[in-house]
Each structure stands twice: as C-alpha cells, then as structure tokens.
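This is the feature table in TrEMBL:
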- Trp74, Tyr81, Arg82, Tyr83, Asp140, Arg166: substrate binding site (BINDING)
- 118-218: domain 'Fe2OG dioxygenase' (DOMAIN)
- Asn125, Cys126, Tyr127, Arg209, Ile210, Asn211, Leu212, Thr213, Leu214, Arg215: 2-oxoglutarate binding site (BINDING)
- His136, Asp138, His192: Fe cation binding site (BINDING)
Amino acid sequence: MMQTELDLFNPANPAEPQWIGKQAVVLPGLALAWVDALLPELRQIIACAPLRHMVTPGGLNMAVGLTNCGTLGWISDRRGYRYSPVDPLSQQPWPALPTVFSELAALAASAAGFADFQPDACLVNCYQPGNRLSLHQDRDEHDYSQPIVSVSLGLPAVFQFGGHSRNAPSQRIGLRHGDVMVWGGEDRLRFHGVLPLKPGNHPVLGSRRINLTLRKAG
Ligand code: SIN
Ligand code: FE2
C-alpha cells in the first residue's frame, strides 16, 4: 500500500522516538510540555529582533521569515551565508538564548545520544502557507561533531531528509506542533528541506509554522 500523507502524521506509537538515520531521530511531542514556556520567550525575541526576509547571495528574497537569538545568528545577504554576533537590522547583539531553549535542546540531544549539547545559536524560521525551504545542508557552523536540534511549532509540515548529495533520495517526515528532531554525527551534513506549507489554522499559532533550530555555531 502506498504511504498516505495521513500516515506520515500518525506514527504507530506517537511517543516513541523514530530513528530516521543512525544518528538522526524524531522525538514526537517532546516539546509539548515546554510550549507554554517557549512562546513568551519567542514573542520577546521577535519584538527585539523582528522576523525579516533575508536576501540570498543570488539576490532573491527568502520566503521564510527569520530571526535569531543567541551569541551568534545565521544571516544571509549578497555576500553569502554566515553567522554574525549582531543583528544587521539593529547592529545590536541578538537577543540572548533563553535558558528554556537550551534546556530543551540539551534534553533532546541527549535522547539522541549527544551528551552535553550547549547551543550558542537559535535560528527562528517562520513559514506562512505556501512557503517552503529548499534542500540544503547546515554547514556554516564550525564543529560538525555538534548536532542540530529542531523544534516544530504551529502548523504541521512535511520535512525532507535526504542524503549527502542534493539528488540522493529523501525521506518525508511529518513534523507536528511539539515535535523535536535531532541530527548529528554521520547524519549531520545530510541535505534537508521543508515542502510547501499547507494552509491551516493552528489553535496556538494560527496560520503559520515556527521552527527553532538550535546549533553550536561558534
Ligand atoms: C532548517 O533547516 O533550518 C529548518 C528546518 C525546518 O523548518 O524544519
Ligand atoms: Fe537547515
């Protein structure tokens, strides 16, 4: 039987970790108990460092709105992709990484086998219906032995988890509000992306999806 999209969002046992690589795992609903603590912090971050559409090195406006918190923030402009200690909009440091963000990230990383994860950067991506993120590798960080922790909030999305080349086949993984994904080690540089967000209205976040990716960038 062909896998339907419904199946993607209804794993047999939603509480069980789903290993999608040797060192890549989806932790369904892990962040649900943290949402009430995450959201006020997120609001404050966005108030200080507003979501914006960055320009790619090729001169296109990114559809996904983004901002950062932490000592480093990921930016893109005509000069390329990189981490910056200051928000280019304000020339001020990014808002601090809230303790609750790093605690959740460390918990998730340890569940995936990465002890003592101490993120210094959190990229906040905001997707509106129709927005997608094309396949890419996270390779602007210094130390690839450190994992990536991704927290999904709001509307569900289909995440593509590919291989080590852009055209390798990719798995499609349903990510819902509260799901956390961790990839590191041999899976750290796998291509990944997000399919166009389906319209919907999430009871907590409305018509959008917010993804937090926590990294050790410096
Ligand atoms: C990213 O790759 O930076 C974001 C992934 C996601 O939105 O799930
Ligand atoms: Fe990424």
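Cβ coordinates are placed from backbone N, Cα and C, and glycine is handled just like the others.
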Determine the Cβ neighbour count for His136 (Fe cation binding site): the number of other Cβ atoms within 10 Å of its Cβ.
12
Taking DSSP states H, G and I as helix and E and B as strand, how many residues of the domain 'Fe2OG dioxygenase' (118-218) are helix, strand and coil?
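So the counts come to 3 helix, 44 strand, 54 coil.
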Per 10 Å Cβ neighbour count, which of the binding-site residues Arg82, Arg166, His192 ranks highest?
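Comparing the binding-site residues Arg82, Arg166, His192, the most crowded Cβ belongs to His192.
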Nearest to Tyr81 (substrate binding site) in three-dimensional space, by Cα, is which of the binding-site residues His136, Ile210, Leu212?
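Its closest listed neighbour, by Cα, is His136.
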Quick one: of the binding-site residues Arg166, Ile210, Leu212, Leu214, which has its CA closest to the CA of His192 (Fe cation binding site)?
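For His192 (Fe cation binding site), the closest Cα among Arg166, Ile210, Leu212, Leu214 is found at Arg166.
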Near ligand 2, which of the binding-site residues show up if the criterion is a Cβ under 6 Å from one of its atoms? Options: Trp74, Tyr81, Tyr127, Asp138.
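So the answer is Asp138.
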With the Cβ under 6 Å from ligand 1 as the test, give me the qualifying entries from the binding-site residues Tyr81, Arg82, Tyr83, Asn125, Ile210, Leu214.
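Checked binding-site residues vs ligand 1; flagged Asn125.
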Judged by the number of other CB atoms within 10 angstroms, which among Trp74, Tyr81, Tyr83, Tyr127 is the least packed of the binding-site residues?
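Among the binding-site residues Trp74, Tyr81, Tyr83, Tyr127, the sparsest Cβ neighbourhood within 10 Å belongs to Tyr81.
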Out of Tyr127, His136, Leu214, the binding-site residues in the record, which is closest to Trp74 (substrate binding site) when you go by Cα distance?
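If we rank Tyr127, His136, Leu214 by Cα distance to Trp74 (substrate binding site), first place goes to Leu214.
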Let me know the most crowded of the binding-site residues, choosing from Ile210, Leu212, Leu214 and counting other Cβ atoms within 10 Å.
Leu214
To the nearest whole angstrom, what is the C-alpha distance linking Asn125 (2-oxoglutarate binding site) and Asp138 (Fe cation binding site)?
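For Asn125 (2-oxoglutarate binding site) versus Asp138 (Fe cation binding site), the Cα atoms are 14 Å apart.
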